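Engineer: These came from TrEMBL, pasted as-is:
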| type | residues | note |
| --- | --- | --- |
| ACT_SITE | D27 | active site, proton donor |
| BINDING | D27, D29, D278 | Mg(2+) binding site |
| ACT_SITE | D29 | active site, proton donor |
| BINDING | K253 | substrate binding site |
Amino acid sequence: MATPKSLTGDKQAIEDFIDKFNVFLFDCDGVLWSGDLLFEGSREVLDKLRSRGKVLEYSKAVPPLPGHSNIWDIRQATSLCHEQQHQVKTGLLEKAAVDEYRSKHSKKDEIFPSSYSAAVYISRILKLPADKNKVFVLGESGIEMELASENIPYLGGTSGEFQREIGPSDFKGIADGSALDPAVGVVLGGLDYHINYLKYAHAFAYLQRGAKFMVTNPDSTLPNSHALFPGGGSLSAPLSMAMGGVQPTSCGKPSQAMMDAIQGKFHFDRRKACMVGDRLDTDIKFGIDGELGGTLAVLTGVSKREEWEKDGAEVKPMFWAEKLSDLLG
């Protein structure tokens, strides 16, 4: 396996890198921003690539911001958690700068969130029978709206019915099945800022009754505010343990179900495409398994250089940079 090539500070290497590819697939958190913080130089890099005729695509799970009412608005939104959304409402974040970034530096057809990939997979691949066509959601309204866009009925999620502590009557109703919807055929897990035991208990009961187990993405951590927090994959881990180690089907990176869906939508030459991300186990592996022409790892998120330099490292990027803005030269 070749040694990853550093682009930081090497203008000729940067030019050669940009010339090598026609399409760039970007992860977002840890690459373009971290939570509410837009990394300096991100918009300038995207503008530079577009000015060179490059196609940009973004694969990201994106919960909505307050006031966004449609699928495109959700796909424009950054991954702000509930508390951060509250801060935006109260003016504690640089909302204007982030909104300008979303509106001017991404396009509707460039956004391909993992929640949309999951909705497409459920509606077009699984093709659930009519009597088992509902989805129980562990997640936020972004997942719900993507399911709605594919006309998939759902429950759980942000419903007020599940935003409370579990009680004795809940245990009884779940145990005897009277509190369960017999039409649930899928349990779909994602990033849920209001996860609780009541949701877990319902999800576990549905899985025991044969529902398919899926997650929007397997990320163990979420970079935010220069720190790491539990990711969407971590929130579904208790269900895997409860089910004796059963692993869910993932529709996020590095699942090739997502790559195939992106390929089917955008129709690009994989040999001329490069995956840009901050995680070796998802982003970079996604590009390698998808047989893309290249991968670029940046060190502003989860993975560190030492991980691919250690003996026996299974996943290595083709290129790396300290930060995305290094591509400005």
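A Cβ is built for glycine as well, from the same backbone N, Cα and C atoms used for every other residue.
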Engineer: Please list residues from the chain of D278 (Mg(2+) binding site) whose Cβ is under 8 angstroms from its Cβ, counting only those at least six apart in sequence.
Structural biologist: D27, D29, G30, V31, P223, A297, V298, L299, T300, G301, V302, S303
Engineer: Identify all same-chain residues not among D27, D29, D278 whose C-beta atom falls within 8 angstroms of the centroid of the Mg(2+) site's C-beta atoms; report them in sequence order.
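Structural biologist: Here the nearby residues are C28, G30, V31, L32, P223, G277, R279, D283, G301, V302.
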Engineer: Might you list, by sequence position, any residue in that chain lying six or more from K253 (substrate binding site) with a Cβ less than 8 Å away from its Cβ?
Structural biologist: D27, S59, S114, N217, G277, R279, T282, D283, K285, F286
